[in-house]
Structure formats: C-alpha cells, structure tokens
Amino acid sequence: MPSTNCAGHEELYAELNGYIDSVKNQPGSLINVLHRAQEIFGYLSEETQQHVAEKLDIPLSQVYGVVTFYNFFSTKPKGKHQIKVCLGTACYVKGADRVLERLKEELGVDLDEPTQDGKFSIHAVRCLGACSMAPVVLVGERDFYGKVTPDEIGKIIEKYKEE
Ligand code: FES
C-alpha cells in the first residue's frame, strides 16, 4: 500500500474507519461504505478500495467488482467543474465530437482526467434528454449549454476559471 503519512490523508481515513465500524455488520454495508468513501475522497483509488476490503474483511476483487459495476463510482479523481459532453446520436450527428476535441485541446486533458489545477475534467455521457438542443454540454449538475459550437468552448470554460 502507498505511504499515507500526510496528516489530512490520515484524518480522512479515520473518518472512513469510523463510518465502517458503524455499518460493518449491516446488510449492504459494502455499497454504503463505498459511497461514504467516495464522498470523503472524491473518488475510489486502488488504495481506498484495498483499505475497504481489509476493514470489511472481504476480497479486493469483491470491492472492485462493485466499484466497476455501478457507474456512479469513480476510480479516478474528477475536476471541481465536471464538463459532460453528450455523445448520444443526435448530439453526435450535430458535431459533439468536434466540441469534445476542442474541449480536450483547450484544457490539455483527455477524457476522465482532471486538469493540473484540478479545476476541470471532461466526461462523455449518453443522451441527456435534450436532443432538440444538440449538441449539448452540461457543466456541473445544472449549467446546461445547447447548440454548442467548438468556437464557444473557450467562452464557456472562462466562466468557471475563477470559481
Ligand atoms: S443525444 Fe444528446 S441530448 Fe439527446
């Protein structure tokens, strides 16, 4: 297991351990523990998964199986602002792939990886239910942009740079 001497890191694990002890013997505790771990750390690293397996006394493969089965669990850190680009059929036909390419260029990252300053990450999603506005980009949970062109990407990102 990688070294965990950073104080903040240890405190976070202490918080997780407290939670694990409180639910350890309940049915469905693995999912609940993983949810809590993701809330605490932002994502589920291999180290965190290993820790959960040890504390619950179950094989790592069982933890990994659950983490990869549910798409709300993430094994990579995400940016503060998550930019979701719809790659559903309607959006794709209207040029979502070009929008995505421009985003990657502007932020200098690939899909599902955070920018160096941790502010942004880009994620591909399926139909967001707004096909008439294709191509569609969603920033965070609420900021919705429709009929987006690659040239508008810079302006959209700018809005979140200072936040
Ligand atoms: S395909 Fe993108 S919103 Fe439906």
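FYI, residue positions are counted from 1 along the chain as it appears here.
Placed from the backbone N, Cα and C atoms, the Cβ positions cover glycine too.
Quick look at what TrEMBL lists:
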type    : residues                     : note
BINDING : CYS86, CYS91, CYS127, CYS131 : [2Fe-2S] cluster binding site
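Residues CYS86, CYS91, CYS127, CYS131 make up the record's [2Fe-2S] cluster site, and a Cβ search at 8 Å around their centroid adds LEU87, GLY88, THR89, ALA90, TYR92, ALA96, ARG126, LEU128, GLY129, ALA130, ALA134, PRO135, VAL136 from the same chain.
Between the listed binding-site residues, namely CYS86, CYS91, CYS131, the fewest other CB atoms within 10 angstroms of a CB are found at CYS131. The C-beta environment of CYS127 ([2Fe-2S] cluster binding site), restricted to residues of the same chain at least 6 apart in sequence and closer than 8 Å, consists of CYS86, GLY88, THR89, ALA90, CYS91.
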